[in-house]
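*Asks:* Feature list, courtesy of TrEMBL:
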- 1-19: signal peptide (SIGNAL)
- 96, 143, 145, 146, 268: Mg(2+) binding site (BINDING)
């Protein structure tokens, strides 16, 4: 009997390889918390903006030598998002920001009513089919405030809060919340892309899609040369802030292509990539490979990206032979 109990304990606690028992979850539940988390984080971002006390500071330099800014809004949003997602024990969370030093008492004024936020999207989330997963196979990427630079400049139209669910190396669910417009778009592979007010989104007919390429505000000039070489005057360039915002421009058909020619972190791309894949498109790096999000893959993508709601290889082939990086 003793040997039997020892063997049973081994199977329960060590077979998973990390000394902890496997936890079975419903993907629908993880998605529900992810959507709640980005909306809670976004509401906090707006409250900080109303206070006009951002405490913006440089947290380091990008690969291009540009300052990366950090504000109270980034940290408070991150705190609230992690607080919600950590209700799943052992869930692996990859966030742009580290855990903040704010106490719960300091955070409390920025908490929205969980129930009210939840009720606003409950009917939509109830439509998502059930699917059982091992929690150890799931990672969640979080960007608590995308377009921080633009946020500090008052360009709030670019600001988004994002969460993405990855199974193995593939982003299967993404949620992008625009807090200053109270708009959430989320997509689940096999289910579709839908807004928080219940509107289903499919790719706009190519003939009606705006012939625009959205690019980073910081390096629009280099991309302009490339686009002119490939498309001549058939495409226009629009500099814009935030990867989440640029993805939504593809989703709503007001841009056809998203091109980025420098390094970018995967918490900036994961949610948008999941939504584009759901619509039949994807983000590729500029060597033509789909972005991967496993724990073995680097967080920093140094190979740029090309994003579209349609077959990305159709566009990628047009750039072959042109130096993009």
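Backbone N, Cα and C define each Cβ position, glycine as well.
Note that this is a predicted model, so its numbers are computed, not measured.
So where do these features actually land, and what's packed around them?
*Replies:* In the structure as shown, the Cβ atom of residue 145 (Mg(2+) binding site) sits within 10 Å of 29 other Cβ atoms.
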*Asks:* On a count of neighbouring CB atoms within 10 A, which of the binding-site residues 96, 143, 146, 268 is highest?
*Replies:* 143
